[in-house]
Amino acid sequence: MKYHDLRDFMSQLEKTGELKRVGVEVDTYLEMTEICDRVLRAEGPAILFEKPKGHSIPVLANLFGTPKRVALGMGEESVQALREVGKLLAYLKEPEPPKGLKDAWDKLPILKQVLNMAPKKVSNAPCQEIVWEGKDVDLSRLPIQHCWPGDIAPLITWGLVVTKGPHKNRQNLGIYRQQVLGPNKVIMRWLAHRGGALDFREFQLANPGQPFPVAVVLGCDPATILGAVTPVPDSLSEYQFAGLLRGGKTELTQCIGSGLQVPASAEIVLEGVIHPGEMALEGPYGDHTGYYNEQAEFPVFTIDRITMRKNPIYHSTYTGKPPDEPAVLGVALNEVFVPLLQKQYPEIVDFYLPPEGCSYRMAIVSIKKAYPGHAKRIMFGIWSFLRQFMYTKTIIVVDDDIDIRDWKEVIWAMTTRMDATRDTTLVDNTPIDYLDFASPVAGLGSKMGLDATNKWPGETTREWGRPIVMDADVKKRVDTMWQELGI
């Protein structure tokens, strides 16, 4: 199923019971978070709060609160089918030359589809049906959530931030939280290595003293939202990738006040600039780690204009101790990562980011081990392969006889195949998420790799244990007599 815009997606979810409307008044201050947290932990539906206290604009929350809804948003019917999305990304990341005429012919539809997915520019876009300018620009008119008791201010959580560097042909989409400072100002919390921050830095070097144009999209079609959190190859824009997922070109319209382009069917768009040198102290906020993060300075985004559809919908979420929506997204996108990793390291059998690991801080990988030291090669390969894994603190490597999605199996491998000194790899002074207060220095800390594979000659001088396995014929005989046993 493909979706033209957010409302189309919501309509389809509602028909299948995957979206429920809440008609009673609910406060954006804390109440909304508590309701969403309970619903998400129960693997419940997306919620449309029709009467946020003090506001006329409804709030859509818990949209991607189950892996199934993430898959549906990507145009697939099941989480397992996301492997096909990963295979497509792996091919686009490193396309292989055709092995012959037939292979070239087979690959032609994919290449043609990619070329045909350049975004389509439109005018008279729905997202500009209503325009607030001047004194009308007031963020308090939007039902922005105040998620946790210790949060310093309301927080924009699902904003797709659109930027463009001076030397790039394509725009960048990123999701960065934004603390509300006043009627027309928010703090743009982007980390230094993220696309938006890189675009801003390059713009400042090329245009000293000039304001940097930014647009923030609040609520758009699911393919575009998910494209912004997927490891899209640098040769492909997130808008193009969204078109591939959707099976139709992403329709864009130009912002009123800048050359940036935003989804034409977006619900709400914030247009404005970041002035060089204008910074503010951000936080504290409850984060996906389950703790309040420490404060840090980030650029201030000044909003000149707010455009929206008629009867707009505000898309929101919260972050907290797993499971939360980012953790659920991590579980689903895990299936996209597997083919990408297997393309680079064919010996990888499976890869898993347990949601308890705060989306990316711990990874477990199973391999077809082929030589001594193989596990260590995989550890360093994963840490350096995708930007998403730069902050992974712990990697556990096991053999292909272990189901890495079953903690009982993983712990058995760790306790029977590991020696603490020999099989632990520690790496110091590596990039760490600055939100990780456990690291000795903000943004810099250590990583740990655990080799829980069977050891080969060269890794041990001892005779290695053989796992106990029941005779296959006996298992079959017991299977056939099981009903008769009356157990």
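Along the chain as shown, the residues are counted starting at 1.
Each Cβ is built from the backbone N, Cα and C atoms, and glycine gets one as well.
Straight from Swiss-Prot, the features:
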type: ACT_SITE; residues: Asp287; note: active site, proton donor
type: BINDING; residues: Asn172, Glu238; note: Mn(2+) binding site
type: BINDING; residues: Ile175, Tyr176, Arg177, Arg189, Trp190, Leu191, Arg194, Gly195; note: prenylated FMN binding site
Provide, as an integer number of angstrom, the distance between the C-alpha atoms of Arg177 (prenylated FMN binding site) and the residue listed as 'active site, proton donor'.
10
Other residues near the prenylated FMN site, CB within 8 A of the CB centroid of Ile175, Tyr176, Arg177, Arg189, Trp190, Leu191, Arg194, Gly195?
Val161, Gly174, Met188, Gly196, Ala197
For Arg177 (prenylated FMN binding site), just count the other CB atoms lying within 10 A of its CB, please.
23
Within 10 angstroms of the C-beta of Asp287 (active site, proton donor), what count of other C-beta atoms is obtained when all protein chains are considered?
21
So how many other Cβ atoms are close to Arg194 (prenylated FMN binding site), meaning within 10 Å of its Cβ?
18
Candidates Arg189, Trp190, Leu191, Gly195, Asp287 (recorded positions) with Cα within 10 Å of Asn172 (Mn(2+) binding site):
Gly195
Measure from the CA atom of Glu238 (Mn(2+) binding site) to the CA atom of Leu191 (prenylated FMN binding site) and give the result in Å, rounded to a whole number.
19
